[in-house]
Structures are given as structure tokens and as C-alpha cells.
Amino acid sequence: LQKVHKDPTYTRSGYNWIMYYVHRWLRLTPAYVFFIFFVIAWIPRMNGGLARARPQLMKRIVQKCEDNWWMNALYINNFKTSNEMCYGISWFLSVDMQLYWTAPIFLLALHYSWKSGLGAAVVGVISSTATIVFLTAHFDLPAMSYNTYMPHGNLDQLRLNYSNYIYNMPWTRCIPYLIGILCGYLIILVKKKNVEIRRPKKWHLVGGWLLATLSALIVVFGVYNYIRGAATWGVGLRSAYAAFSRIGSSAAVAWVVLACAFDWAGPVKTLLEHPLWQPLGRLSYCAYLVHFFVLLV
């Protein structure tokens, strides 16, 4: 978006469009595919550790990756069912890439008309929310995938259905992405185009932090009794949480991002922008790739 602001003809170049997609693929894929091939080659040769403690699980991981690794390389593996997908946690990489592919629709709409861009993002959020509500109600799904108890149906099958219909799909995961695009556009608008935004009053800032904190706490702890079976939720409450928890958590993070960007965050900004996080941030992608096996150990 910044490049389009600097050069209005930027989007007319086919080369720029090709590089928009190819550059992202080249940044993520080598380490990703190398790790998958490493797992395929390494696990069958293990004599101890996970191969001995969880032999059937390791065998399934290897078999699924031997069959479907190419879908991971194309970032479409999330469209396989969870019990067929190569390296289950990699659904996130595919969803992230798919949302990146579609991001120009919203970015260019914002560039040419902020009202159109905002409208497109709002329609996307509403459509995603409605889809989650419908799928949860139609298939009688749990509110989230980590339930330890459900009063009806087979819990494992319900979890699998939740993953296949909601958890792994880009159209149910786009809410944070769209809110993030709007936040990024607002930051560019203020900092790059010198649009003035007045500092809120102190009590407005306090209220913003309280609401963001409360929203995050409700999303995290509001399901405590539900996931351990101490409370039974009807389909309406399950549908509402499954849909609106995404908006609540995204809004909380968006407040932190905007507060830091506009110098409203005080010590929070100082902490989050400390150089200490930079080397750890550069390691986060590869840490994500290997973390599943670390957790198993």
C-alpha cells in the first residue's frame, strides 16, 4: 500500500503483481518444505524418543506428509480434512497465505476510496461472522476445539467437524486479518499522509485500555466452565462465542497496536518495542514450524 501511495502506476506493472505473490512464497516455502522432508526422512529412522513413545502418531504424520506434502508447498493443505492433512498445525500457514493472496482487494479499495475499502472490510467481517454462526448451528458444533466434554454426540467427531468446517478455513479466519488491514491503513494514513489525529483525553485512553483488557479476558476465560464440562451451552451461546470471540480478541489486539503506533501506550509501547524482541521475532517462524514436536516431547 505504501508503494502504491508513492507510485500510483505501481499496480499497472505485471511484474510487480507477480513479485507480490512470488516473493512471499519464496520467503516462507524453503524452510517449510525442508522441514517437512526432514520429518519424512528422520522419523522412520528414530529408535527412541517420540518414535518409541508415540509410534502410531509418528507413523501417521509421516504417511500423510508422504501423500500430501505438495499441497503444503502450494498452501492449500487446509482444504484437506484434519485427519488427512500433512502436519496438522500447518493449516495456519495456508490460511495466512490465502488471505495474503486476497488482501489486494481490500488494500486497493482503501487506496482508491477509503469508504469503499472500509465497506468491503465490514462486509467481510459480517459475512465471516454469519458463516461461523450458521456452521456452528447447522452442524451443532462446539464453541471451540478444546472442549473436554460435550453433552451430546461423539466429542472426537465434533472436534474434527469443528476443525474441518471452521478452524482451518480462510473464510472463518479472515476477521483478524481484515481488522489488521484497517489498522495498518489508519497508521499509514496518519504517519505517511500527515492526517492529523488528536490525542484522546486521558479518561478515554483509560477506557480504551480497560475495554481491550476486558474483551481479551472474556474471550480467554469466558469459556472456562464450558470447556471442562461444568456448564452446558446451548447452540445459540456456542454460535455466538465461536463468531464474536474473533471480533473481541481482534479488537483487543488492534487497540494495543494503534495505541503503540500513536504514542498512547506509555510503558506498554516501551516494552513491546524493546530491541530485545527483535532476534526472537526473527526466530518465530522457524520456532512455529518445529513447536509441535517440542510440545509432544
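In case you wondered, yes, glycine gets a Cβ from its N, Cα and C as well.
Database features, via TrEMBL:
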DOMAIN    11-296  domain 'Acyltransferase 3'
TRANSMEM  25-43  transmembrane segment
TRANSMEM  89-110  transmembrane segment
TRANSMEM  117-139  transmembrane segment
TRANSMEM  170-191  transmembrane segment
TRANSMEM  203-227  transmembrane segment
TRANSMEM  247-268  transmembrane segment
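Taking every recorded stretch in 25-43, 89-110, 170-191, 203-227, 247-268 and counting its Cβ pairs under 8 Å to the transmembrane segment (117-139), the highest total belongs to 170-191. Same-chain residues lying 6+ beyond the ends of the transmembrane segment (247-268) with a Cβ under 8 Å from its Cβ atoms: 125, 129, 175-176, 179-180, 182-183, 186-187, 190-191, 197, 199-200, 205, 208-209, 211-213, 215-216, 218-219.
Regional average pLDDT for the domain 'Acyltransferase 3' (11-296) in the model is 90.
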